[in-house]
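See below for the structure under consideration.
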């Protein structure tokens, strides 16, 4: 029987013995970081972006949630309070910014599916937006986390477009094997936690090739 | 005495006589458009961005206002209502996007000042953000409207940085003459109303020069 820590990480009785003198090896480190400490993919990407920003590597931000404000109170001597507002559907993707002269634009999505990534994670206007950005030579992709596999991929948008545009064939998801083959696996690190710009570098190299 | 229409446009008694047979000449047209029909600079830029997007010229959006949500109601059978939220200070500029492979980042500001543009239109983090974007080869600028002059300039960020970084000298604004000399005048058009990408083209050309 596998026991678990309260944070969901499996308890390994022999982990101390195993790591012992090899405290800095990759597997031991990965075990710790894979626990995620309850962080969502979004939180981890935000932290990674903070690292990239503070180290002058890239300027990439999550966009605020679009909101329709209906009523605002302006109390004396304190901050304005929004008293009635509604969530609006975003017309673009969640993240964008600039990296070494490249415009960067992406979505971040998690799935508990094991063998495919469902296309209903996207809205039509997000696909339209990414297509428009690519036409302007922007670098567009999705960061996909397969929760049950503990794997993160940087999936180039051409793969997403291919399956999106052929949904009428009946296939409503992108097979895991296809993503694994055509995307860039992003391994967790200490800092930045999700070093996705490594995948961006590879994608840019590939796009440059004739 | 000058009379005004309810929308603030000055009434010109002789305008019909003047335009008469020259309905399509530039001056008459400009009179109409300069009235702005009560539109803010922001609304006009949003319309221009819509034109650029729909015509496949560029993908540039205004970012949503950042908000700290405290309380949300989820009524049955209707949309979630935000019942308590506060405005947060933006950590970036208002607009960004991609145009012909270039990352574009800017603020839009109006001033009723006649002879200078006050630096208190900006916050420190916006300047920081623009500097970080330029380091990544982004194209950064401010669209400045001098309301009393009915003139719009695309002001490159280097001019803003110059005056911002030297505020300790006591000068808290950028002189109009300096802006006129170092920026790109954007003339109103029918569509897009503010064709600021013409100024961006000129700025990119200039940045390319050694």
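Positions of Cβ are set from backbone N, Cα and C atoms, glycine also.
Feature list (source: TrEMBL):
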- A:92, A:94, A:107, A:126: Mg(2+) binding site (BINDING)
- A:109: site 'Transition state stabilizer' (SITE)
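All features noted in TrEMBL, drawn onto the structure.
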{"residue": "A:92", "record": "Mg(2+) binding site", "Cβ contacts under 8 Å, 6 or more apart": "A:63, A:105, A:125, A:126, A:129"}
{"residue": "A:94", "record": "Mg(2+) binding site", "Cβ contacts under 8 Å, 6 or more apart": "A:42, A:62, A:63, A:106, A:107, A:108"}
{"residue": "A:109", "record": "site 'Transition state stabilizer'", "Cβ contacts under 8 Å, 6 or more apart": "A:41, A:117, A:121, A:142, A:143, A:144, A:145"}
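In the three-state DSSP reading, residue A:126 (Mg(2+) binding site) counts as helix. Listed recorded positions (A:94, A:107, A:109, A:126) with a CB under 8 Å from any chain B CB: none. DSSP assigns residue A:109 (site 'Transition state stabilizer') to a strand in the three-state reduction. Its Cβ placed at the centre, residue A:107 (Mg(2+) binding site) has 24 other Cβ atoms within 10 Å.
Neighbouring residues of the recorded Mg(2+) site, listed in sequence order and excluding A:92, A:94, A:107, A:126, comprise A:90, A:93, A:95, A:105, A:106, A:129, A:130 (Cβ within 8 Å of the Cβ centroid).
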